[in-house]
Amino acid sequence: MEDKKEAQSDSGNVKVVCRFRPVNQSELSKNGEEQICQFSDNQKSVTILCSKNSGGSAGSNKFTFDRVFDTQVTQREVYEKAAKPIIEGVLKGFNGTVFAYGQTGSGKTHTMQGPDIEDLEQQGIVPRMVRTIFNRINSLDDNVEYTIKVSMAEIYMEKIKDLLDPTKVNLKIKKDKDRGIYVQDLTEQYIASETDVYDIMKVGNDNRTVASTQMNDASSRSHSIFIMNIAQNNLDDHSSKSGNLYLVDLAGSEKVAKTNVRGTQLEEAKGINQSLSTLGKVIHALTDKKTTHVPYRESKLTRILTESLGGNAKTCLIITCSPSPYNELETISTLRFGTAARNIKNKPKVNREYTVAELKLIVSKKDKLISALRKRILFLENFIKENGLEVPSDETLKELAKKLGPEVDKIIQEEQEMNDEEEKENSEEEKNDEEKIDTGDYVEFDIPPQEQLEDLEESKIDEDDSNNFIDEEQKEKAQKFLQLVESNTGNSSETQAKILEEYLKAQKLLTQEREKCQNQVDLISNLQEDQQIFQSKIQKLSLVKEDFDNYKEATEQKVNELKEETEDAKNELEITNAKMTKVERELAEIKKLYVTAKAKVERYEEKGTEFMIDESKQNKEFRKEVIEGDEVIRMEIKALHDQIAERDQLLNQIQQNPDVSSDLKAIIEESQHKLFEQEKQAMADSDNPLLKKFLIEGGDIDLVPKQDSCYLAPSDVERIIAKQKEDQKLLSKKKKKVSKLKKENSALQAKVASLANIEKSDLEAIADAMAEDKLEDIKEEFTNEKEKIMESLQNRIEKVLQLEMEIDIHQEQYAKLRDIVDSDHTGKTKIMLNYEKNIESLNLIYQQTAGELAAMKVEMKVSQKQVKSLTKKLEKTKTDLKKKSDENKNLRRIASKLRDAVENENFVHQRNTVVNPHHRTLRKVIKKTKKF
Ligand SMILES: Nc1ncnc2c1ncn2[C@@H]1O[C@H](COP(=O)(O)OP(=O)(O)OP(=O)(O)O)[C@@H](O)[C@H]1O
């Protein structure tokens, strides 16, 4: 019900709302806060307080619109009042347009997009509309499928640029029966959420041509057009609707002098003004009844807006103005533009396709109408025939109408008016019923008025009982006519005139019926045309079906291939899995081997450590040995000292003996001294710290015997010398032993030091350090084994990795294939099902329509035959009527004669009271005529 009202209320003029923005900084600096606009309380008009320069007069400065928004209005309010009704219409399948017009910097972009499209308070009309659409879609039934596409274009310097693909710079405008006017190749992006649209809008806005002018920092130098197509598909009854929404932010209408632009911008300004002036011309042509040509084609802007201005769209124009006296002239010009646009009449209609049920209903209604009209014609023809009347030709009727003059014209006109009125009412109802049945762009059926169809449905006429068809008025007329004919006996000129009049009316009725019949014939031919369209559509659909079948076949093949591939992939996966298991097993074995090897290594390491420990024991023994050796030396040295002391004692004894010669004493002393020196030197040369120490400690010991005690016997001397020699030999032996021990000691010390520096992990170094061949062999064996194991392990790891990668790839491929197969399959199945359903229903329609067409053709032939026979009969009736008319004339003559005779006889009768027999004869003839 609401929709009907809306369709009714919005079916007419372009809605115009006006918005004033607050005074801006530049205006403040020029004119302060002064404002030229005065708003009315009803928010419908604004009065401009004109200055002298504006040229406005007291009467002309008040402007009325559908709504006037003052400077404090919120973005939400503007949306609610100006744009929301349009989007509601678009969701019902109407086309909708909202466009903003105004001088540069007056707030068009602010109104259409807002300063921030994602700020819920500040966002403008476009994002709010998008939000409404998604809210509505989310709240509606699930049985309706929506598809939303968005495009953005810019008209800059008379070239259409795709804002979503800026490489497309000079697009063409095309017209199509189904799509209406559209921009060819313009990118259409499917969207599924508000944010998708915001993202697209951001991309589009970034691609817009913007420049800074003296009037606006970021002035749009082009007309931007945001197009949204909302298609709805009812999954229950397969009906579909689609609405196009055009949201246009025009470039500023500007005074070149004020904007202070030069060069390219000056050229832009000229272009902008040119297209806006064409827009003005279009509006003028649309609102001026005398103008027949609307110059839509003069600019790209007006061509795109063709449907929005005077066409199939609900349109709202938002004019934006400045309240400052500084922009008074521009404001008045904008307001005038808006006023003119308010008079544009649009013819919005729902863009929809019929459901099978609706098409059936239309066809059945047409059927009934045709048969009812045919019966009506038949009845009228019979009626005329039965009354012996001639059915006059159109020419005769026209002549008669001329003769009867304005009266008949009046009757005809009145009836015509009545018919017109009826038609108008019906068409109104049709319009109101637009939501139910609309002729649309798709199949243009001429739907009979609802009332008539209902009447027809109710009438249920029996073909044999044609009298049932006559409405009361006709019956009455016929009755009257018959009565008139019957009472023709009166034969007064008045009666004659009445008969003629009735006859004319009957003829007129017949003509009208003929016209109606002709209309029905036209209707049938229209239906045939529609049928042809249908057939061609069905043919096309069959082709589509064929394509689809092929496609289905190809898809099935593909699906099978994919299945096979999937099967292969599965097999491969199984093989790979088996391989994997095998590899895993091998890996476990390798791991075992590795563990064994590791244990071995650890054992070797332990051995190495043990060895180290053993070695250090040895070292300790060595040390001990050395120390013990040192002790031996020390003891030996002590023994030497003891010997020396013994000898000293001996020397003293000798010295005390007076027998020892002084020479010998000298020799002994010299020999002793030499020996001492030698010993000392030997000790000094020794590296043995113990010896050194001994030497140092013992340094104080005076080894030289006292002179006066050296008195020895020669034998003793010899013995002593021999002893000394022996001692010397022993000493040198000892020295050699000490030096050998020293060497061994230092070697052992070096060994111990190097062993102490060996790190635990450095097995090789240990092995190197180990003297035993076994260790070397074990080490070598271990290294080789380890290398082998490591190599094999590496190979296996690589193999495993490769296999894992292969498995991943296969699994990925498998998953993808699965996805493809699944999605493809379900998608295709859905489409297929839909297609099949459509094709099925279309086949059904086709079969029904074909059957109906065949029946209609047969009926047509029958009707034509009937019309032929009727025409023949009419011809015959005409001649008969003529004959009868002649007879009538004769009869009238006879009657007149008779009347005279009767009068005479009456006169006589008055006297003789005798009945005239001719009077009865006359009545008989009229009855006969009636029967005939
Ligand atoms: N109703 C308003 N409230 C607050 N600021 C506004 C309003 N209308 C416009 N403005 C501000 O005025 C400036 C110019 O507005 P806008 O860019 O929308 O003008 P325009 O008509 O699109 O200009 P052009 O034709 O040059 O592109 C902007 O900074 C905008 O934020």
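Placed from the backbone N, Cα and C atoms, the Cβ positions cover glycine too.
Bear in mind that TrEMBL entries carry predicted annotations, made automatically and left uncurated.
The average pLDDT the prediction assigns to the domain 'Kinesin motor' (13-344) is 84. Look at TrEMBL and you will find 13-344 tagged as domain 'Kinesin motor'.
Per TrEMBL, the feature ATP binding site maps to GLY102, GLN103, THR104, GLY105, SER106, GLY107, LYS108, THR109. Take the CB of THR109 (ATP binding site) and look out to 10 A: across all protein chains shown you find 24 other CB atoms. Mapped onto three states, the DSSP output places THR109 (ATP binding site) in helix.
Annotation source TrEMBL lists compositional bias 'Acidic residues' at 415-432.
Residues or ranges marked as region 'Disordered' in TrEMBL: 415-440.
Sequence annotations record features per position, and here TrEMBL assigns coiled coil to 500-607 (among others).
The coiled coil annotation in TrEMBL covers 731-820 (among others).
The coiled coil feature in TrEMBL is assigned to 853-901 (among others).
Ranked by Cβ neighbours within 10 A across all protein chains shown, the binding-site residues GLY102, GLY107 are led by GLY102.
Its Cβ taken as reference, GLY105 (ATP binding site) is surrounded by 27 other Cβ atoms within 10 Å in the chains shown. Shown are the binding-site residues GLN103, THR104, SER106; the one with the most C-beta atoms within 10 angstroms of its own C-beta is SER106. According to DSSP, THR104 (ATP binding site) sits in a coil region rather than a helix or strand.
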